[in-house]
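Feature list (source: TrEMBL):
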| type | residues | note |
| --- | --- | --- |
| BINDING | Gly103, Leu104, Thr105, Gly106, Thr107, Gly108, Lys109, Thr110 | ATP binding site |
| DOMAIN | 95-236 | domain 'AAA+ ATPase' |
| SIGNAL | 1-22 | signal peptide |
Amino acid sequence: MKFKKQLALLVLLLVCAGRTKADVLIALGMAVTALGSAAVPEIYCYFRECCNEKWIFFDGGLQADIEGQLFGQHIASSIILNAVTGFMSNSIPKKPLVLSLHGLTGTGKTFASKLIAKSLFRKGMDSGHVHMFSSELHFPHKSQTELYKSQLQHWIRGNVTNCAHSMFIFDEMDKMHPGLIDGIKPFLDYHDKLDGVSYRRAIFIFLSNAGGDILTQTALDFWKAGKKREEIKLKDVETALSLSVFNNKDNGFWHTGLIEKGLVDFFVPFLPLEHSHVVQCVMAEMRAKGRTPDSSIAYEVAGEMSFFPKDERIFSVTGCKAIASRLNFF
Ligand SMILES: *[C@@H]1O[C@H](CO)[C@@H](O)[C@H](O)[C@H]1NC(C)=O
């Protein structure tokens, strides 16, 4: 049977290579006849993304990707790697994985989410199972919060019903209306099932700038004390970070008890990037574009960026954001 299937698939592929639409249809017909209708999903899933292990699997490439592409984030790197690896190797997780990524613009939060998506989904961010929401884009009007909330719940339920391994990324979480965050809360908790749907294999990632100042202050303190950035430990920023997120009345987290209820599994700090990291980003971008990495150009690009604080000028204001477009000028 297995052989028959493979043979049919091969025939199909060969004929597809023959190009005309009619050929493909005939081949499809032949294949279906040969295999019986049970094989239709298999053929379908050969070409188009499905929620199965052919399209979704933890490929073990995350470590290399993080080490080679996420610069200057030793704490975030190890937390993310451990969290995702642990979650994916657990055959029956008790709750969905919930990561809250914190840091200033351009420090790599979105980029890290992309690496996670890439490590699980063959199509990475283009996967139909990865959903990205931005509060200003998707939920712009305060007055519509109730509508957004039911819509969002509907989407999460629908997508997880279709595929348990769905991944949801919420950008600008600190700008999100508390009512909306409240709407997500039930999905993050330790429920076996909610209305017959289990959310335990889903991944939720929250991105926000909240706590960015605290992280900068810590990095600056270390720098001033002549200590290496790599000496900053999670415990040096963890308490301050959760307190700042918790106590900031302007951002949605404060109201919602996401933290109180322990629904966030990991707070992931992204430190402000230094000149050398920006250089690394430019080099990586050149490599990605198929150019030969040229360090003198990289230094030039990095040199044109703004750094803060005013006197010390250590940290990049925009981090590695928009490097690609800057590079186009060189
Ligand atoms: C899945 O989420 C998307 C938004 O990313 C939404 O447009 C779509 O309708 C959802 N699918 C289901 C089945 O609810």
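Cβ coordinates are placed from backbone N, Cα and C, and glycine is handled just like the others.
Keep in mind it's a predicted model, so treat the numbers as computed, not measured.
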Most Cβ neighbours inside 10 Å, all chains, among the binding-site residues Gly103, Leu104, Thr105, Thr107: Thr107
Near-site residues: ATP, ref Gly103, Leu104, Thr105, Gly106, Thr107, Gly108, Lys109, Thr110, CB cutoff 8 A to centroid: Phe111, Asn209, Phe270, Gly319, Cys320, Lys321
Residues satisfying Cβ distance under 8 Å from Gly106 (ATP binding site), sequence separation of at least 6: Leu273, Ser316, Val317, Thr318, Gly319, Cys320, Lys321, Ala322
Three-state secondary structure, which DSSP defines for Gly103 (ATP binding site): strand
Confidence summary (mean pLDDT) of the domain 'AAA+ ATPase' (95-236): 94
Packing count at Lys109 (ATP binding site) (other Cβ atoms within 10 Å of its Cβ): 27
Sparsest-packed of the listed binding-site residues (Gly108, Thr110) - C-beta count within 10 angstroms: Thr110
